[in-house]
Amino acid sequence: MSLFYFLTFVALLSALGVVFAKNPMHSVLFLVLTFFAISGHYLLLNAQFLAAVNIIVYAGAIMVLFLFVVMFLNLNADTEPNKSALAKVAGAIAGGLLLLVLIAALRNVNPTGADLNTFDSQIGMVNRLGLVLYQQYLLPFELASVLFLVAMVGSVMLGKREVGERHF
Amino acid sequence: MDFSALTSFVISWQSLVILAVFGISLLIATYSTYAERVVAAFLQDRVGPDRAGPYGLLQPLADAVKLFTKEEFFPAGANRGLFVFGPCLAMTTALMASAVIPFGNTLLLGNGEVVRLQAIEVNIGMLYVFGVVSLGVYGLMIGGWASNNKFSLLGAIRAAAQAVSYELAMGMALIALLMVTGTLSLRQIALQQYDGLWNIVYQPLGFIIFCVCAFAETNRTPFDLPECETELVGGYHTEYSSMKMGLYLFAEYINVFVASAVMSTLYFGGFSFPGEHLLYNYLTASQSELFAHNVVTILGTVTLFAKIFFFIFFFMWVRWTLPRFRYDQLMRLGWTMLFPLAILNIILTGAFILFFGNKEAKLDVSKEAAPTEIRTVARR
């Protein structure tokens, strides 16, 4: 239980760090730390596969690309465009609405915990997850993979060099 | 019987193993710096380091003293916190990976206790190694960016692009292996190769892809573009001096050690060696079962280290043989050759399993094996 509170503390603190950090580089690193804390939560929930994949995909690949892009930015303070008040208000309203929806969704949840007698400790293991994905949820799984394929083909098309174009 | 005392005793044996794995990783990395020079000298027909101690064996100590006593330098305009954080992260992620590698089967103590020669056993070992390896690039990126130097930044950007590109092919190669083994646990994969052919027989193409990607992930020549000294001075560690520089170099050698250990475990039988069943049966007949099991385990560990040392030598051999790639060649190799090859490998593996594979047998072995079952596997 103390581990849960520690991970929650780290997750919340670093998530706040993402928003409040002035330097985009620090912001990205805080986001990586948030993903680590969330992976710790997955481990506590006995979902090892999810924890490892979260680290590999988000911390290991996507955030590396984020850093990659941030490194190309010119990070001098005077070049940063001043955000207008309208954007700030719009952001606050959008974030507040999301919070409202989340609270509404979670308000009636009654966490009872698992029944120790019927609880299956293998539930988050890789082979169990695979069986569920390929038997019970086969159609959504395949649809999601088609979606990924479309996204991949789209990115290849966008990145393809046009005839006569010179990149460097 | 005092149960708590017994538990603490078991824990202490296992923690000794953890300490030993930690120490051995560091020791091997230390002497890899020496081995690198000796191998370079051998391949170039030179003498190599021979001043410090007999055959120059104290050279790593002399290097450490030099690195520790050098001036620590912070470049102007560097982000101090991240500048220190970079090498720390590189070292930490490098050391984390050796935690799940099975360095041997089990040792049976006289009172019925079982000690696994592995720091921690997790059933997602392969994913763990892959995840930790993918984190290794952060140390390089953060250090290179925080140095406030154009060359360092270019090195960091190259490191990021290279790591992400080659991780994909590496993951694909691992997926094909996973289809053969049916388990993610490195210990189970090693045990499966105990009574049968090594995985290299089933996955020759996968091994080649994995090996090339391992070179790229550890930033070794011919893929050491992030620290390419002819173009980028020193790449991401241009501005580093003293032991912070030493940590970066050290992390690279630990990565080489881990990559060698993973390759030996996944594709070359791990701690299994030819004729172990004959030896086990012979020793069981002449001595006791306990003695036979322990002898086979210790010989297996020695074999695994022999395999690891061969791969470390292979890394160095390649470094002093092949020239460096150009950056566009590196990207083309990763995306247009290794990546399609890895997908082809997955399709071929799937077809083979579908038409020739004996699925039941494989699934049987992949089940969670209790320590006693491990012994029966060894006996077969």
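The backbone N, Cα and C atoms fix where each Cβ goes, and this holds for glycine too.
All TrEMBL annotations are machine predictions without curation.
What TrEMBL records for B:6-29 (among others) is transmembrane segment.
Within the chain, the transmembrane segment (B:82-104) has long-range Cβ neighbours (under 8 A, six or more residues past its boundaries) at 18, 21-22, 24-26, 74-75, 116-122, 125, 128-129, 132-133, 135-136, 138-140, 142-147, 186-187, 190, 239-240, 244-245, 247-248, 250-252, 254-255, 257-258, 261-262, 265, 270-271, 297-298, 300-301, 304-305. As annotated by TrEMBL, transmembrane segment applies to B:82-104 (among others).
Residues or ranges marked as transmembrane segment in TrEMBL: B:124-147 (among others).
The transmembrane segment annotation in TrEMBL covers B:168-190 (among others).
Per TrEMBL, the feature transmembrane segment maps to B:196-216 (among others).
The transmembrane segment annotation in TrEMBL covers B:247-270 (among others). When Cβ-Cβ distances below 8 Å are used as the criterion, the transmembrane segment (B:247-270) is approached by residues 25-26, 28-30, 32-33, 36, 87-88, 90-91, 93-95, 97-98, 101-103, 126, 129, 133, 136, 139-140, 143, 174, 177, 186, 189-190, 193-194, 198-200, 203, 206-207, 210-211, 214, 217-220, 236-237, 240, 300, 304, 307-312, 314-315 of the same chain, each at least six residues removed from its ends.
Long-range contacts of the transmembrane segment (B:290-318) within the same chain: residues 28, 32, 35-36, 39-40, 43, 103-108, 110, 117, 215, 218, 220-222, 256-257, 259-261, 263-265, 268-273, 276, 279-284, 375, 378, each at least 6 residues beyond the stretch ends and with a Cβ under 8 Å from a Cβ of the stretch. Per TrEMBL, the feature transmembrane segment maps to B:290-318 (among others).
Annotation comment: TrEMBL describes B:330-356 (among others) as transmembrane segment.
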